[in-house]
Amino acid sequence: MTPAFAPSLPLPSRDRATLRARLSHTRAPVAVLGEAPRPVSAPISHPWTPSSWRTRRALQQPTYPDQEHLARVENTISHLPALVSPGEMRALKAQLGNVALGHGFVLQGGDCAESLEETSEGVTDNIRALFKMAVVLMWGSQEPVVKIGRLAGQYGKPRSADTEVIDGVELPSYRGENINGAPFTPEARIPDPNRMLLAYNRSAGTTNLVRALASGGFGDLKRVKEWGMDWSMGTAKGREYMATAERIAESLHFMETCGVSPQQPVMTSTDVFTSHEGLLLPYEQALTRMDEETGEWYDCSGHFIWIGERTREIEDAHVQFAKGIANPIGVKAGPTMKPEELLRLCDELNPTNEPGRLTVITRMGAGKILQGLPPLVRAIKREGRHVVWVSDSMHGNTFKADSGFKTRSWNRIMTEVRGFFAVHEAEGTKAGGLHFEMTGKEVTECVGGTRKIKAEDLSQRYESLCDPRLNQSQALEMAFEAAEILRSQRRNH
Ligand SMILES: O=C[C@H](O)[C@H](O)COP(=O)(O)O
Ligand SMILES: C=C(OP(=O)(O)O)C(=O)O
Ligand SMILES: [Mn+2]
């Protein structure tokens, strides 16, 4: 990636005024024990700027054929409105801070790779699936659930290989809708800066939809038949889930009878936050703005930004970019992560040890979590670091079915979820949340679950642009199982 354009900051005063007006809009957080004290900007050893990552090695970046075009697009985006506000990010950080300190649970989920062609109904279904899971987890944990969608910006994809070969033809790999196109043609696979603008516009629309749906509350969840659980009928597991769903619906109904109606603020302001991997650094930089109220820099492309497993080298560009933004951030931790490496990441990314600033998203694989997680958890505990521990039980469990489809097995994912809870229980630490690639549609991308999707069924409805997602039934089943674990752990304490 060539460092190639004039940084657009600071903004001209006209734009700063517009930005100030946009950023001053702050929704009141719900289920927050109180907004955390404003953090002092992290001390950094060299002057951080939104563009200082450009002096570092930046992995997984596209090579744009036309650098001037890229610079024009970056400049355009840097003058477009922020998608989310610092106040919202601080609210999320406060909620995550509570989880880091032992209170609450995180649910993060959505597409592996959002599609620019997704319909409004599709996005709505995804958010509703997340709501349903959240209410089940809330019931299980009896704690507030912080809801974070992998949406409104989840477009850039890191890939294992730079190229893809089909029938002897080799083309650049698909890297997500904000970079190139999925069709297997030479034209589609050329990185195009204009895609950043398309992704920005789609993200703005999705953020708007999320806000609208989040203020709609859980109203219709009182009607269990609208949970879309018909699939579960006829199996013993299904009947168990249904019984739980009935109890949850009854509780919601009871609350309403007591006067806590789904129309009241506690039920309607069910904040859903947006998140994505902060992979495409020119885009992230262009949306990084200074909050004049606090003097902090925020990446306003989404509330929560994470660093992927393939780009988390401490000296590299992604970590160096993330250290200067005040958003709540995440870092993925796979089986090769060493305890000392994780502690160094904490030093870099959260030098003030602010609870809620850093979430460690482990993605070990079902067969590795029992060995891989304890050393990390022990090191963090020993050093008194505040992190939110979240399990991404998807990315360590991907395999290729004989039919050629990339898939994951519901059982293996569940095994990792169980391992995650078991390790934290044994170590006396807080299992802070779960992270899923999932959709509200009944796709056939992962095998297993009560409906027993088999390898030969995968071709029926495989729609993912990248990794296989749990469909809405499989995701909901995951939530019921996790809720049961949370409930039994609660009873044991
Ligand atoms: O979503 C994550 C990555 O992009 C994905 O797991 C990489 O997949 P690949 O191995 O097919 O490149
Ligand atoms: C790329 C992803 O994960 P990881 O960095 O953990 O492989 C992802 O979350 O889609
Ligand atoms: Mn993925």
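Using the three backbone atoms N, Cα and C, a Cβ is placed for every residue, glycine included.
Curation plays no part in TrEMBL annotations; they are all automatic predictions.
Under the heading Mn(2+) binding site, TrEMBL lists CYS112, HIS395, GLU437, ASP467. The annotation phosphoenolpyruvate binding site is assigned in TrEMBL to ARG150, GLU309, ARG310, LYS332, ARG363.
Put plainly, the binding-site residues ARG150, HIS395 were compared by Cβ crowding within 10 Å, and the winner is ARG150. DSSP classifies ARG150 (phosphoenolpyruvate binding site) as strand under the three-state reduction.
Checked against ligand 1, the binding-site residues CYS112, GLU309, ARG310, ARG363 give CYS112 as the ones with a Cβ under 6 Å from it, listed in sequence order. Not one of the binding-site residues listed as ARG150, GLU309, ARG310, LYS332 brings a Cβ under 6 Å of any atom of ligand 3.
In this structure, LYS332 (phosphoenolpyruvate binding site) is part of a beta strand by DSSP. In sequence order, MET394, THR398, SER464, CYS466, PRO468, ARG469 are the residues of the same chain, not among CYS112, HIS395, GLU437, ASP467, whose CB sits within 8 A of the CB centroid for the Mn(2+) site. When the binding-site residues ARG150, GLU309, ARG310, LYS332, ARG363 are ranked by how far their Cα is from the Cα of GLU437 (Mn(2+) binding site), ARG150 comes first. Sequence-distant contacts of CYS112 (Mn(2+) binding site), defined as residues of its own chain at least six apart whose C-beta falls under 8 angstroms from its C-beta, comprise ARG150, GLN154, LYS157, GLU437, SER464, LEU465, CYS466, ASP467, PRO468, ARG469. In this structure the alpha carbons, written CA, of HIS395 (Mn(2+) binding site) and ARG310 (phosphoenolpyruvate binding site) are 12 Å apart.
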